[in-house]
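> Take this structure first; my questions come after.
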């Protein structure tokens, strides 16, 4: 049978409440239910009679259609929690079925529908009450008010009442009659007439706090509905008073019951309170004790427990009778004391409370201290009745929360009140927690550790209040920080408000919300139980603070302080503690120490046991020794090896011998307390005090060696030490020479750590703690000695000569030179002998001692002079002797001491003053070099360059440079490059002042004997009538002429600068630009001078002609100015750069202020050329642009809006829409017209906002943008819609990319990019500047991304670190092509950054992109550039034997593992290996045994392949053996825990080189890894392949022209091709000096043909005097085919340049 349904209309009135934030922006829907079980279905509430529905205190009317379902009984109301303000306070809903308009249905809610308020529900079921329109409009209510019978309970204030029912509300209504109302213990009755509110569900009672006695203790209120004959009882039992209870003078009360008769009110009750003090030493208290009872009918307030007896003594029972309002069933109590008296600490056992009227007894166990110096240091505790969850259990199940409370910096901000908090989680809340240990002083931070359930974190809200007590009851709270280490979440809850009844809004409690932008996360901690077993020896116990540090395979823990109390760590006891410890993995040792504040304490520790509650694994740490300053070896620090699961054998404890060498300087010794921390492969020793020297009573004296012994768990290879002192004592400064460490068992030789510096606050750099790294070779300083025998008769000698050199740091031994060079023994008259030796750096040489043994006749020697050259110090020491060393002549001495008579600096400063003549056209823009010649040689060419305006007409330019000491200057050479216009230059003269030996000052030096001055009169033109040429001239005291050399290479750039046309947009500041090209090159920072106007005027276009090197296509422009004032503000529209000779034009849009006072406050911008990917500009297409600003509060902005359209064939230029009055305001639709380039089919639109000032509205809510495309000769228009419906904020992310609506891309447009930066492992490569990147792909670019928060390191961009940055919800750029990276050079100390590479992972596609760099980003190093354009190298191919390996930037390697052929050699477990090269190290590579892949068996070879970043030359491997397969299967035998490896071969498949490792060793299961060094290296040499024909290759080596680029070292190369490699080729030509600065050297080699060249490996021996070398490039020519292959380098090999590499792999271009 078919039933017919009828449609009807419903009128729905929605009443939003009158509360702060009551309105909602969410989408609301309703469902109606009928008496017969039918329902309407979900009805969206849209099209309200109000423009903005659901606003605070507003009634919204909706007319909706739905099925007629009969008489209504209930409704379901909900919202979707969307929009900026989603929470909603709903008062009531009235539904009228228009089929029966006389009937209304009323549903009262009066609750929040919000995720962060009330019960956090966003949907509710409400009962509908049927009403007829004839219902009585008013009602009479009888109100009976019971005032409590307390002292001062009555009030003189005006009292008001508001009624709330299911039909509405009535009030507030003043309660007044002709009597004296509200007196203590009195009942007052009132009858009121008001609107009928239906069934009462709550009332609101309040007073106005006026009158002499305003405070009021309200017991209860009874209300009788005279119309409905119902009576409601509203219990209160609380104060309404500013100075009592919680300080509130208004309360909401809910009815307890509903009856037809007036109930009997129970106003007071008696409770018997029995308090049991514990039977512990010192358990009693002298403090005042208070109790508060909490029940289901209310609470009592604070009650002092006092019966005029000596209460709360140890082991005592105290009884008290308390009269107070009845609280009903007691569910908790608060017990506390005020910490007063001589003995305030109190150990409470339990409390019994007897309700004398209900004859019921409650027991509240405690069994804890209430003391500032015991347990958790709390003096107030909430106790639950026995039978509820006990406090001990609650503590065990909870975790630690660390709460920091920040009191504000305002007058009278501090408080004396008691502060408490309640923490709210997603599904539960904590109890009220009293912060009893806080001071809450002005501008202070109070810290607390509390225990609460783990599932609260992350908190959703935090309630904080105080009890309004004390002299200073008001409080200004700045914020609260809550840190939960168990979840690794640290949250900040800002307040910045008063909690005071006399300040602000008068509230003393607040609900705080988290500022999510300040949330910090870190790896969560792991809970551990710790059992400490104190030995059962006499006086073994201690009260000292015990500190633990746990070490594991994942690192070490922070200091773990075991809570101190009077009962812990006693003789023969075991004490249990619980600690949250950062995850260290499987532990291997534990360090135990006593606090240095308790040096008089002794403790004999038997052992410590620990259990990881996460893994349930138990570990033991045995000690059995004293920690004491008077027992055993007087040490209070012990290290204990771990025993337990995953630890096959505990590590041994070894003795480390530490020798401390104090330097030989005045006041070098120290009286301070010295400590040392030794770091190794397995952790560190911790800071150990060096107290007991084995050799000297007074330790650390000048020129003294002190020896110490440190017991520690084996560290393996020691890597560094940290040594310092505490700066105490009369003479605290200390000059430390070195530290030598070795094991007592002599398992390895002494390890030396050179310091040679002060540790003193008033010496050197003021540091008193230093980190020292291992000194690999002490003899690392070269000394060149020359000895001249005099011109006297028989001046030579045949005796054995010795020499000893004394330096500022140390001295050499007495060195015999007969074995070094025999020429001294046969030294002839007037002969110079030379020697070279290497020794540790002696410092500045102070004197020498030279002599001979004079053992035979005729051994007299006339010594003329000695010269010692120390290249490391750039000094030559000359000792003039001119005396006999003879037993028969002179003073009869054969040994003599000499001090230096002259110290010659090899590198010295020169001040060069250039006088440009006073002739027409004398000025020049050309580059000028100078070279200085002297008696000792010549300098390199020196570029004379200042920042601005050099070589102007009739000007004097000064330059200070450092160059080689050439001795007395003989001539100079001037090199003039005439490429720039104007180029001609008239040089008048040059003055050179040469600094010799003393420190260089800028004062007058004409009378200084250490400065020599030379003047060169020139008076000649350079470059006149020779444009494009180079002129070189030499000048002596009379002029000489040089020859013209080569032409300089440069091209012209036309730069057009477009200043904005607004008022006051111009600037007179100094503007500079830098051009950045596609070849990875950039120009210098070029100043732009506006000659005519002296400023950049508004609306003007200024054009500049620049002559700079060819940098390829101009991809970026850096533009900046130096203005500091508001008047220097400059609005730059953009730049156009033309390269006339190439007919190329590049456009750069800025449309932003360069100002410290406008826009974003920046005066430096980096502009990207419009669409780097698109080869040329396209035709323009007209568009109509409709911009819809959202309909939300404060949606408008004060910014200009920029659009850029991306499509299938490229991207458009950026177009700016100016902000005018009425544009971009709330609900506005702004219509513009613009022309954009043809970009094919649109894909996405980039929207950017451009602030006009820092103070303006810089946030904008964009609803959508429509682009209407007009196609010529086509009537049809195309409309593209880009919907956003979100905020764009310049402070967070200034632009967004929006995909076109309805496209496939729009549903899958977002991805996450993970950016990994690798800082090179070179010295001083770290960076503290702000770093930015821009990623460019097939679909456009990412825009500027700031690398702010590294997920791997707190201090990012440190040496050798890989930092990871994640950018979520980025629109996919498609395949990546380039990456731009730069920093702002903002750090003073660490702005030079050497970047090895950048890796970008597309987390959605799984694709990885490598961007190699290997260059400095520094304004002071390398080429001075802080911006780099990196190209993705994913397309590199490696071809071996005709097979192509596509590596995505990775190198393929092959590993062949040979298991030995002896019994039980194989294993069914897993193996692993780590491969280390001189450039990199692989990840851990596993060899996995499975049922289907049985490997690593006896006598079996297994081959594996892997890919990783280039390792360079493979040096060593780490080999391991690990259990626990993916799937268990039967073992072969019981000896499976060992695996015997015979041999491992690793092949670099990109070069064919094989590295052999003869292992021949058992590898134990779950070992740490055994290290094996490479034994042999086999190259795929062409000499082994005679079947290929021999051809000649020409090698052309280009040394760079920078200063110091030359080298004297031996250089060798290896060429790799597709058919093999050459083996090592030494680049050396007999009789020629190669690799000089700016030089080109050619070498020809005959070898077997290599095929296509793939790589060139170059290295040099870094041992010559001038071993540093800056290589420009190497070219290789196949002389058979004339094919040339270039291998660019552009970096240094050696110690003086940016790295320490002496070998390098170069790839061809």
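Sequential numbering from 1, following the chain as shown.
Even glycines carry a Cβ here, placed using N, Cα and C.
Automatic prediction, not curation, is the source of TrEMBL annotations.
So TrEMBL says this about it:
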| type | residues | note |
| --- | --- | --- |
| DOMAIN | 8-127 | domain 'PLAT' |
| DOMAIN | 139-254 | domain 'PLAT' |
| DOMAIN | 269-384 | domain 'PLAT' |
| DOMAIN | 399-513 | domain 'PLAT' |
| DOMAIN | 526-641 | domain 'PLAT' |
| DOMAIN | 654-773 | domain 'PLAT' |
| DOMAIN | 781-899 | domain 'PLAT' |
| DOMAIN | 908-1036 | domain 'PLAT' |
| DOMAIN | 1051-1168 | domain 'PLAT' |
| DOMAIN | 1311-1431 | domain 'PLAT' |
| DOMAIN | 1451-1577 | domain 'PLAT' |
| DOMAIN | 1591-1707 | domain 'PLAT' |
> Is the domain 'PLAT' (1311-1431) close to the domain 'PLAT' (1591-1707), in the sense of at least 3 CB pairs under 8 angstroms with a sequence gap of 6 or more?
yes
> What mean pLDDT does the predicted model reach across the domain 'PLAT' (781-899)?
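Result for the domain 'PLAT' (781-899): average pLDDT 78.
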> Restricting to CB pairs under 8 Å, which listed stretch, 8-127, 269-384, 1051-1168, 1311-1431, 1451-1577, is in contact most with the domain 'PLAT' (526-641)?
269-384
> Please list the DSSP helix, strand and coil residue counts for the domain 'PLAT' (1311-1431).
0 helix, 63 strand, 58 coil
> Which one of these stretches, 8-127, 399-513, 781-899, 1051-1168, 1311-1431, has the most C-beta pairs shorter than 8 Å to the domain 'PLAT' (269-384)?
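Of the candidates 8-127, 399-513, 781-899, 1051-1168, 1311-1431, 399-513 scores highest.
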> Could you break down the residues of the domain 'PLAT' (1451-1577) into DSSP helix, strand and coil, giving a count for each?
4 helix, 64 strand, 59 coil
> Over the span of the domain 'PLAT' (399-513), count residues by DSSP class, listing helix, strand and coil in order.
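The domain 'PLAT' (399-513) comes out at 3 helix, 57 strand, 55 coil.
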> Over the span of the domain 'PLAT' (269-384), count residues by DSSP class, listing helix, strand and coil in order.
0 helix, 61 strand, 55 coil
> Can you tell me how the residues of the domain 'PLAT' (654-773) break down into helix, strand and coil by DSSP?
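Its residues fall into 0 helix, 61 strand, 59 coil.
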> When the domain 'PLAT' (1051-1168) is classified with DSSP, how many of its residues are helical, how many are strand and how many are coil?
6 helix, 64 strand, 48 coil
